[in-house]
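What follows is one structure encoded as structure tokens, with my remarks underneath.
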Amino acid sequence: MTLALHGGTPVRATPWPSWPPPLDDAQRELAGKVLESGRWGATQGGGVTDDLAAAFAARSAAPYAVAVGNATLGLFAALRGLGVGPGDEVIVPAYTFVASATAVLLAGAVPVIADVDPADLRLSPDAVRAALTGRTAAVMPVHLAGGPADMDPLNALAERHALAVVEDAAQAHGAEYRGRPVGGLGHAGVYSFQASKAMTAGEGGMIVCRDEPAYEAIWSVCNLGRRLGGQWYGHPNVGWNLRLTDLQAALLLPWLDRLDDEIARREAFCAALERELGRLPEAAGTRPVTVVPRAPGTTRDSRHLLMLRVNAPVDRDFLLAAMAAEGVPLDAGYPPLGTMDALTRAGARAEPCPAAEAAARSVVWVRQSMLMDEPARAADVAEALAKVLAA
Ligand SMILES: *Cc1c(COP(=O)(O)O)cnc(C)c1O
């Protein structure tokens, strides 16, 4: 079996499903209606953005929601609406997308980069405890890859130290923690509709939140400092136009009806892949590749991505190149935020993050589009891994 990299036959020759999936009839119909109406903006009263916000609030078990242009701005608006700003510190995990930290910078606060749990790779409550200072104002757990962070200990810490909790749920539409949807577990939660996410309109975001004063403040941040129900040219606060459009909302609202089916599909693929990986021969008492486990309390992982830990000693660049040549392109994942010079130059502070550094070396991701394939095709991933690791 010659590696495809060296001219052999690739394990997988047919393409994986593309992302996003094809438009469905409901999307086509609603988007067509909005397009024809000329009411493309959320301030023109078409109502689709309001319907989407209401649907997200309901699904997040949070009473309020504000639609925004993207999740980076959503995290910023949530922080600012909750009163976080200059002089404050916000604890973010080291293994996440850079926007979790740059949203903090946008709010004028200092991102404090804390380590993740070495097993599940979500924000470690112990690391948060160690990173607390008198200036800590908020903590931002990230529901990474669709798997909730362990919220109970984080919420308990936040309550003890009077911190705001902003959930970065950009990757976790439909995920649940101890039977409750993410987003409504902290003071605010933020979803993304960027092109790679589990629901997308190309770009977009949604902030959900629990109490009315926070909602009014966040809404005002996203609507040029207006007061909810107040005058159009009255601006009692400083704010910006961070709104989503009704055209985007028209692609997203019908998607909520098929989100559960898509999660179930990805879950079936992940379960099949985990079984296949369990059959790979052990070396020195460990499986060569294992699935990164869920954090405690996870009752529903929305499987945005599947994170795999490569235990076998293999050069990562070789692994990624050889897997791509076999027709199974995997992603390298995040560099630890603390290693990004731009963030430290901008004032971010990094705590020691050995678990995130280990993850950056040994964890690879299976893409969402691949997880949407038939579960039987999980065998392609396992077979390609076995072939590449045996080379
Ligand atoms: C995608 C993503 C964001 C940013 O979302 P945008 O809508 O692209 O701004 C923030 N945090 C995480 C964890 C993400 O994956």
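Every residue gets a Cβ built from N, Cα and C, even glycine.
Note that the structure is a prediction, hence the values are computed from the model and not measured.
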Of 1-22, 23-44, which range does TrEMBL call region 'Disordered'? 1-22
Cβ-Cβ under 8 Å from Lys197 (active site, proton acceptor), same chain, 6 or more residues apart: which ones? Ala170, Gln171, His173, Tyr191, His304
For the region 'Disordered' (1-22), what does DSSP give as the number of helix, strand and coil residues? 3 helix, 0 strand, 19 coil
